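*Asks:* What TrEMBL records for 552-562, 626-642 is compositional bias 'Basic and acidic residues'. Annotated compositional bias 'Low complexity' per TrEMBL: 564-578, in sequence order. The region 'Disordered' annotation in TrEMBL covers 43-81, 552-642. Positions annotated as repeat 'PPR' by TrEMBL: 162-192, 198-232, 306-340, 346-380, 381-415, 416-450, 451-481.
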Amino acid sequence: MALSKPTFLSHLKTLTKPPHHPSPSFFLSCRLLSFATPEEAAAERRRRKRRLRIEPPLNSLRHTQPQQRPINPNPNPNAPKLPESVSVLTGNRLTLHNKILTLIRQNDLDEAALLTRHSIYSNCRPTIFTCNAVMAALLRQSRYSDLLSLHRFINQAGVAANVVTHNLLINAYCDCRKTDTALEHYKQLINDAPFNPSPTTYRILVKGLVDNNKVDRAVELKDEMLEKGLAPDTVVYNYLMLGLVKKSDPDGVLALYEELREKLGFLLDGMVFGNLMKGYFLKGMEKEAMDCYEEAVGENSKVRMAAVAYNSVLDALSKNGKFEEAIRLFDRMMVEHNPPRRLTVNLGSFNVMADGFFAQGRFEEAIEVFKKMGEKRCSPDSLSFNNMIEQLCGAGMVAEAEGLYREMGEQGIKPDEFTYVLLMDSCFAQNRADDASGYFRKMVESGLRPNAVAFNKVIDGLIKVGNIDEAMVFFGQMVEKLKVDSANYEMMFKALGEAGKLDELLKLVGDMLKEESVGLSSELQEVAADALRKGGREEELMKLLEEKEREKAEAAAAKEAEAAEAANASSTVAESESINFSAEGILAEETIGTEAADDGESSETADSGEVGGGLDPADATEEVEGANKADADDESGGRKEV
C-alpha cells in the first residue's frame, strides 16, 4: 500500500528523533553513591576485593578426578624390622643404658647380661645399643658362648639388630675359627637385612679369613666390597698384603699396593707401608724397602702415620736385619707421643720391641721396654704378659717369669689357662713337679676350666717324675670333666704297668668298660694284657672281660624281657579296649532295637484303638494268640532253612 507524501514525511521525522530516557531523580542518584548501613559497605568492599584478586590458572579450573590412594597391602609379619635410631636413648632407657655401662666398666659382665635379659620384658626395654655394648664386652673377654646366648635371647624377644650386632657375631665366629659360619652369616646379612654391610664388616671378615689361611677367599671378598660401591679401604688391603706376606708371595703384595694406589691416587694413610716393606724385603729389594720407609716416616713425609702403622714398620725393620733403625724409630715415637693430639705408640709397639730384643738375645732390655708401658699410660693385658712369660721361660729365666706372674696379680690382670700351662712346663723342665702341680691347682681354684692340653701336661709331667698316684688323681678329674680319648687311657695303662700298680690298672680297665662312649679297643686290650703279663695276672684281665660280657648279655636279656612285657601289656590293653568297644556297640544296637519295637507296638495299639473303636477283649486276645503262633511258625521255618 502506497503512503501519501505528508504521511511519509511525518514518519521520517519520527525515526530521526533520538530516544528519550527519563532522567533519574536526585534521590535515586544519591542512593547509588551511598549505602544504607556500614555492613553493606563492608560487603561491597569484600566483593570488590574478591573481584580484583588474581584469577587461578585455567588448568586448576578443570574438573579432575580425585586421585585414588594406592591401597597398601597388609605388612608382612616375617619382614625384617628396621633397627632403632640413636634418638631412642632418652629418659629411662638412657638411665638403664648408663647403668649397664657402669657394670661393664666394673667388669661385672654376668650382672650386666642378667639385667639386660630382665629388662627385655619390663616397662623399660633396652635398646639395641645397650645390647651391643654387653655383647662387645663379652667378645673382648672371649666369652663367645655367652655372647651367642644373649644374641639368641634378644633376637627371640624381637629386638631388631643393626649392622654393629652383625659385626659382633661375625667377629665371634672368626675368633672361634668358624669362618664358614661367619661367611654364612654375611650372606644372610646381604640377603635379609634392611641395610648394607659396613666397611668394618669387610675388615672383620678379611682379617678372619687371613688368620685362617684363606687369602684367596679374602681377595674375592675385597672384590665384592668394591662391586657394592664401597670405597677402597686401606685396612682391608693391609690385611690382604699381610696374608700374602705369610704365603711368601711378594708379587701379590706389590700388585695389591699398585691397585690401591691406582684407585686412590695418592696414599695419605700409612697403614700399608709396613707390609709393602716386607714385600720388598722378600724380593731382596732392600733399597726399595728403605725408600718406602723414607716415604712413610721421613722428615718431609705427608703420610699420616698412626700407632698401628708405626708398629707395622717397626716389625718390618726388626725382622729384616734393621733392628737398630727400629730402635731409633721407637725412640722418636716415644718423643712424639702426645695424647690426645698425637698417638704414636700403643700396647703393640712395646710388644714388637720386646720381641725384637728377645730375638737379639737382649733379655734385660726387653724387660726394661716392657716396664716402660706405664710411662705412656699403656696397660699390658694377659696376652702381653703371656708373651713375655713365654719368652723368658724359653730362655730358662723361670724366676723372672714367675715375677711377671706375680705382677699380673698386683695389677689386677687375671691369668688364663695358657699362663699356667707355660709356668707348669717351665717347672717340670727344672724338676719342680710340686710347683707345677701347685700351679695347676691354682688354675682350678681361680675358676678356670682346664682343657685337655692342661690336663695332659700335668699328668705327663707327674708320670715322668714317677708320681703316679697324683697323676691318677688328676686323671680321675679329667675323666669327670672332659671326654677322654683312647690315647689318654693308653698313657695311663703304660704308666701303671711300668710302676707295677696292677690293681689300679685292673680297676681302670673296669671303669673304662663301663664307659660306653670310649670302649676297650683291641689295641688298648693288648697294652693292658702286656702290662699284666709281666706280673703274671693276665688271666684276671680275661676274667674281667668275660664278667663284663656276661653282665652286658644279662642286661640285654633283661631289656628284651622288659620290651616283650611292655609289648604284651600294650596288646592286652588294645584287645580289652576292642572288646569293650564291640560290647558297647552291641549294647547300643540292642537298645535301639528295643526302643524301635516299643515304638512300633505303641503305634499299632493306637491305630487299632482308632480304627476298631470299641474292640471286644476276647477278640483282642484271640488276635494276639494268632500273631504269636504265626511268629513261632515263621521262626521254625527259618531254622529249617538254616
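Counting starts with 1 at the first residue shown.
Glycine is treated like the rest: Cβ placed from N, Cα and C.
Describe the structural surroundings of these features, if you would.
*Replies:* Cβ atoms under 8 Å from those of the compositional bias 'Basic and acidic residues' (552-562) belong to no residue of the same chain, restricted to positions at least 6 beyond its ends.
If one looks beyond the repeat 'PPR' (162-192) by at least 6 residues along the same chain, the residues whose Cβ comes under 8 Å of a Cβ in the stretch are 80, 83-84, 128, 131-132, 135-136, 139, 142, 144, 147-148, 151, 198, 200-201, 204-205, 207-209, 211-212, 214, 217.
Long-range neighbours of the repeat 'PPR' (198-232) within the same chain, counting only residues 6 or more positions beyond its ends whose Cβ lies under 8 Å from a Cβ of the stretch, are 163, 166-167, 170-171, 173-175, 177, 179, 182-183, 186, 189, 239-240, 242-244, 246-247, 260, 263-264.
Here the repeat 'PPR' (306-340) returns a mean pLDDT of 92 for the predicted model.
Panel annotation: around the repeat 'PPR' (346-380), residues 307-308, 310-311, 314-315, 318-319, 323, 326-327, 330, 333-334, 337, 339, 387-388, 391-392, 395, 397, 400, 411, 413 of the same chain, lying at least six beyond its termini, place a Cβ under 8 Å from a Cβ of the stretch.
Same-chain residues lying 6 or more positions outside the repeat 'PPR' (381-415) and placing a CB less than 8 Å from one of its CB atoms are 347, 350-351, 354-355, 358, 363, 366-367, 370, 422-423, 425-427, 430, 443, 446.
Here the repeat 'PPR' (416-450) has long-range neighbours at 382, 385-386, 389-390, 393, 398, 401-402, 405, 408, 457-458, 461-462, 464-465, 467, 470, 474, 481, meaning same-chain residues at least 6 beyond its ends whose C-beta is under 8 angstroms from one of its own.
Panel annotation: around the repeat 'PPR' (451-481), residues 417, 420-421, 424-425, 428, 431, 433, 436-437, 440, 443, 488, 491-492, 495-496, 499, 501, 504, 511 of the same chain, lying at least six beyond its termini, place a Cβ under 8 Å from a Cβ of the stretch.
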